[in-house]
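Engineer: One structure is given below, represented as structure tokens, and several questions about it will come after.
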Amino acid sequence: MSEFQFTHGIEPEFEQARDEIVKSLTESKLFEKEPELKKCLPVITEPERVISFRVTWEDDKGNCRVNRGYRVQFNSAIGPYKGGLRFHPTVNLSILKFLSFEQIFKNALTGLPIGGGKGGSDFDPHDKSDNEIRRFCQAFMTELHRHIGADIDVPAGDIGVGGREVGFLYGAYKRLQQKRDFGVLTGKDTHFGLSGSFIRPEATGYGLIYFVLNMLTYLGQDIKGKYCAVSGSGNVAQFAAQKLINLGAIVLSLSDSRGALIVKDPSKPFTNEDIAMIADLKVKKGSLEEIKDDRFTWLPGERPWKHLPKVDIALPCATQNENDADDVEALHKAGCFIIAEGSNMGSTDAAVQKMESLRVAYNESVKSGKPILPLWYAPGKASNAGGVAVSALEMAQNSQRMTWTPARVDEELNNIMTNIFNESVDNSATYTHEDLGSVVKSSSQKADSTVSALPSLVQGANITGFLKVANAMKIHGDWW
């Protein structure tokens with residue numbers, strides 16, 4: 001990586017995301033087979049544009065308040081910049097650059113014409129009134145509206161920005177621009193002619209489970225009866241848990257910033273009624289610690305990973321770097337064989353290295369004829385791409401002035417997640433140095449004795465996304 005003269009220690013989250021991509025590419029056969037593509041790396045790792053601005057707004061007491069607003073327009077080679085807006089006190093340029101950099105490849109993986117971007121503010125909506133949130137959204141859009149449009153940059157929601165906030169933002173945009181440009185924001189309401197898409201709130205959580213289903217099919221297994229640990233309790237975690245429950249899986253945990261809520265007895269797991277109650281609680285800005293139910297144990301300040309005696313599948317759905325190497329070790333000892341991210345960069349670099357080493361150890365054990373418990377990891381840019389995929393489908397519906405049925409959107413989402421899985425497997429088999437033996441390259445083919453090894457979904461996803469974007473950039477003359 002040193003030959004590219006990248007800086008380190010300034011923007012740690014972005015550097016982690018960048019270095020993971022570079023490592024995947026340089027340790028594969030990609031630059032051996034296509035050496036010209038190496039020239040793209042210094043270009044693709046710099047954002048096309050970074051916009052920073054002041055947001056002044058009035059609180060309920062009439063005081064003038066100030067926050068920082070950002071929009072990172074990282075790459076538009078495949079289509080308009082696309083990515084969410086995050087309102088959270090931890091927001092800074094490093095985090096938004098990491099998110100928008102990941103978004104480039106995640107969006108490319110969907111196969112839809114969207115580039116990568118991200119934005120937000122260090123505004124904290126948690127302790128604000130509805131009127132304060134409305135006034136902040138209007139003030140934020142006062143600057144942002146100059147830089148976005150259906151064919152330029154299409155923001156959506158993220159942490160702290162749900163359907164209500166998107167509505168406030170769109171209303172401000174419409175007044176400022178004096179036009180109804182439906183395609184400028186996604187995640188809009190489906191009511192009152194606001195041209196949102198069905199399945200958009202559910203998309204990231206549902207898409208995560210569709211990706212996991214492909215992993216299980218590849219392994220010749222079924223989701224029913226699997227013990228599933230889920231972190232987070234926001235939009236992604238709620239709908240991932242709901243889909244798991246509906247498919248017959250056993251949800252063992254949820255969490256929030258204050259701690260983890262874990263079932264005492266797997267025979268009494270989370271139910272759809274529990275998820276609905278938690279959704280209502282989160283709308284009221286409550287915490288899981290308020291839930292008083294003898295079925296659950298509340299662990300203040302903890303994540304669920306080290307506190308479950310038996311786990312098959314772990315799904316980090318909260319925030320970045322929530323899964324570390326010691327968490328991976330504890331999960332694997334509890335029987336976990338799949339970790340798939342619903343959050344962006346949900347695992348630390350040390351955790352990724354641990355998961356990949358366990359996957360390689362499993363592959364070696366298969367070759368020796370004495371297979372051990374596998375650990376197969378799906379990175380967020382692949383497994384949580386469902387949200388932006390349906391956002392792109394919302395853009396398509398807006399262009400057509402049509403609203404597709406929930407069933408159609410759900411089918412498209414499922415197909416997109418299956419294609420991402422298949423392409424990641426194919427490119428891992430094609431470009432990595434590992435001898436994978438006879439690899440099943442399609443989730444439609446039931447795994448059997450011909451499967452001798454597990455491909456790296458990290459390298460496979462990174463290579464797939466990079467190939468699509470780098471080749472488009474070459475055609476545009478962005479590098480030569």
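Residue numbering: from 1, along the chain as shown.
Every residue gets a Cβ built from N, Cα and C, even glycine.
Below, the features straight out of TrEMBL:
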| type | residues | note |
| --- | --- | --- |
| BINDING | Lys82, Gln103, Lys106, Gly157, Ser391 | substrate binding site |
| ACT_SITE | Lys118 | active site, proton donor |
| SITE | Asp158 | site 'Important for catalysis' |
| BINDING | Thr204, Asn235 | NAD(+) binding site |
Engineer: Specify all same-chain residues, apart from the site residues Lys82, Gln103, Lys106, Gly157, Ser391, whose Cβ lies within 8 angstroms of the center of the Cβ atoms of the substrate site, ordered by sequence.
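Structural biologist: Checked against the 8 Å cutoff, the neighbours are Gly83, Gly84, Asn107, Ile114, Gly117, Lys118, Ala156, Thr186, Gly387, Val388.
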Engineer: Greatest CA-CA distance (Å) over the residues Lys82, Gln103, Lys106, Gly157, Ser391 that the record ties to substrate?
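Structural biologist: Between the outermost Cα atoms of Lys82, Gln103, Lys106, Gly157, Ser391, the distance is 16 Å.
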Engineer: Sorry to bug you, but what's the C-alpha spacing from the residue listed as 'active site, proton donor' to Asp158 (site 'Important for catalysis'), rounded to the closest Å?
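Structural biologist: Distance between the two Cα atoms comes out at 9 Å.
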Engineer: Quick one: Cα separation, Gln103 (substrate binding site) versus Lys118 (active site, proton donor), in Å?
Structural biologist: 8
Engineer: Run through Lys118, Thr204, Asn235 for me and report the recorded positions whose CA is within 10 Å of the CA of Lys82 (substrate binding site), in sequence order.
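Structural biologist: Checking Cα-Cα distances against Lys82 (substrate binding site), the recorded positions within 10 Å turn out to be Lys118.
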Engineer: Counting only residues 6+ away in sequence within the same chain, which have a CB under 8 Å from the CB of Lys118 (active site, proton donor)?
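Structural biologist: The list for Lys118 (active site, proton donor) reads Arg71, Val72, Phe74, Gly83, Gly84, Leu85, Arg86, Leu96, Lys97, Leu99, Ser100, Gln103, Asp158, given in order along the sequence.
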Engineer: To the nearest whole angstrom, what is the C-alpha distance linking Thr204 (NAD(+) binding site) and Ser391 (substrate binding site)?
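Structural biologist: Rounded to the nearest whole number, the Cα-Cα distance is 10 Å.
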Engineer: To the nearest Å, how far is the Cα of Lys106 (substrate binding site) from the Cα of Asn235 (NAD(+) binding site)?
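Structural biologist: Just about 19 Å between their Cα atoms.
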Engineer: Using the alpha carbons only, what distance in Å do you get between Asn235 (NAD(+) binding site) and Gly157 (substrate binding site) once rounded?
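Structural biologist: Given the Cα positions, Asn235 (NAD(+) binding site) is 11 Å from Gly157 (substrate binding site).
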